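*Asks:* A single structure is presented below for examination.
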Amino acid sequence: MAASGGAYAAQLPAVPEWLNKGDNAWQLTAATLVGIQSMPGLVVLYGSIVKKKWAVNSAFMALYAYASSLLVWVLVGFRMAFGERLLPFWGKAGVALSQDYLVRRAALSATAHGATPRTEPFYPEATLVLFQFEFAAITLVLLAGSVLGRMNIKAWMAFTPLWLLFSYTVGAFSLWGGGFLYHWGVIDYSGGYVIHLSSGVAGFTAAYWVGPRLKSDRERFSPNNILLMIAGGGLLWMGWAGFNGGAPYAANIAASVAVLNTNVSAATSLLTWTCLDVIFFGKPSVIGAVQGMMTGLVCITPGAGLVQTWAAVIMGVFAGSVPWFTMMILHKKSALLMRVDDTLAVFHTHAVAGLLGGVLTGLLATPGLLEIESPVPGLRGAFYGGGIRQVGKQLAGAAFVVAWNVVVTSLILLAIGLVVPLRMPDEQLMIGDDAAHGEEAYALWGDGEKFDATRHDASRVGGGGAGGMERDGSVEQRLSGMGARGVTIQL
């Protein structure tokens, strides 16, 4: 084979001089890992962690949010978040669809700061569009966890593009795309504020306006498949290597530090949460372990590539204890927290953990790693001589994100509520998936109701006749009398 032939030629239009193949390959891999966190990670997690009658609806809300986000993102969203400056907190809208735009070298136009030039990764714009889309999509999917089990699916379909445009893009531009918080020096390495604080606060706000689940669902909402829940959580954990490892926009040393710190914090938080469950409740909870894993991943995200690994252990301990306290203790003492039905406790696992991570980053970020990643010179955590100033910036940045999400999420839902109801009617909530979609997750009956031959008739399965299956009469009598939760069928 000729050395200069085909795809291996020395000079190719597809391999311009500025392209770093290693960075491009890693960034595409990182984008795929983040995508797997949503599809199938959170789809599987949501479909299994809820009550059986809500499995299809919960999984579909995640699926729809992911798909709807992509079109909005390439049509206008990406450039609102990472394009040229329009306002101190917003970029100019524009399409990201043309070849001329997508094959040129990626650039974040508004990120130039003083003598520091604008951010220009060594790969095409198309790679950056894809990577940042995965972040935008997972933010909406996480938000969905607060309103599972009662939100009108039509209202959700209208909500997702509007929230992406008017809420997510503002946070992304302000902190990442070259907005006022970016230039002021607020640190959010990979989305502790842009993604997790936003989704937690917006989800809590949405849960307030949508209203609660049925009383019976709030009192008993056990997972329909804990093993699948663990599998979905595992995809989240492994996918976080791309989440935090892709944040530097390069396969550099900060990416390596970030991936290691991410895993250390997640493991430490999981163990801390589990130990607290054993100490206070006498036994470990699998659901609690998954929540502890999640809070550890969220807490390290604002500073994953900016802190030392011993600091990641400390952040993991706080991540496994502070959200545990707010969820298990404070929640029961707060009238507001008790009133708002946050289905999967997204406020605790994402808003609390994200804010905690941002504050700890202000304490523990090292000047050496900040010099690599931040355009603002002289930034350092309080423990490295930065004083309380950096912590103050972190708190101020969080306050902006919280206020914007509360106001914008409320306005969007109030506007949608004028057109379609935000909450499904009670008669549909009693049924669940079958009422919302005409489909059910499992070809089984159960969820606690007693056997009803008119509803659960298995006397003839497969059409009857010689090829069908008949239920033994004595078994039917026993089932009817005992209120059994399954059907025994004899061939």
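Just so you know, glycine gets a Cβ as well, placed from its N, Cα and C.
The following feature annotations were taken from TrEMBL:
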type	residues	note
TRANSMEM	25-47	transmembrane segment
DOMAIN	25-442	domain 'Ammonium transporter AmtB-like'
TRANSMEM	59-82	transmembrane segment
TRANSMEM	129-149	transmembrane segment
TRANSMEM	161-184	transmembrane segment
TRANSMEM	190-211	transmembrane segment
TRANSMEM	223-243	transmembrane segment
TRANSMEM	249-273	transmembrane segment
TRANSMEM	285-304	transmembrane segment
TRANSMEM	310-330	transmembrane segment
TRANSMEM	351-370	transmembrane segment
TRANSMEM	395-420	transmembrane segment
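Any idea what these are sitting next to in the structure?
*Replies:* Beyond the ends of the transmembrane segment (285-304), by six or more residues, the same chain brings 49, 187-193, 195-196, 223, 226, 229-230, 233, 236-237, 240, 243-244, 247, 257-259, 261-262, 264-274, 277, 311-312, 315-316, 318-320, 323-324, 327, 345, 348-350, 352-354, 356-358, 360-361, 364-365 to within a C-beta distance below 8 angstroms of the stretch.
Same-chain residues lying 6 or more positions outside the transmembrane segment (310-330) and placing a CB less than 8 Å from one of its CB atoms are 260-262, 264-273, 276, 280, 288, 291-292, 295-296, 298-300, 303-304, 337, 345, 348-349, 352-353, 356-357, 360, 364.
Same-chain residues lying 6 or more positions outside the transmembrane segment (395-420) and placing a CB less than 8 Å from one of its CB atoms are 152, 154-155, 158-159, 162-163, 166-167, 170-171, 174-175, 181, 184, 186, 188, 193-194, 197-198, 201-202, 205-206, 209-210, 355, 358-359, 362.
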*Asks:* Find the member of 59-82, 129-149, 249-273 that has more C-beta pairs under 8 Å to the transmembrane segment (161-184) than any other listed stretch.
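*Replies:* Top-ranked stretch among 59-82, 129-149, 249-273: 59-82.
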*Asks:* For the transmembrane segment (249-273), what are the same-chain contacts with Cβ under 8 Å, counting residues 6+ beyond its ends?
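*Replies:* Residues 20, 22-23, 25-27, 106, 119, 121-122, 128, 189-190, 237, 240-241, 243, 288-289, 291-293, 295-297, 299-301, 304-307, 309, 311-313, 315-317, 319-321, 324, 369, 372-373 contact the transmembrane segment (249-273) from elsewhere in the chain.
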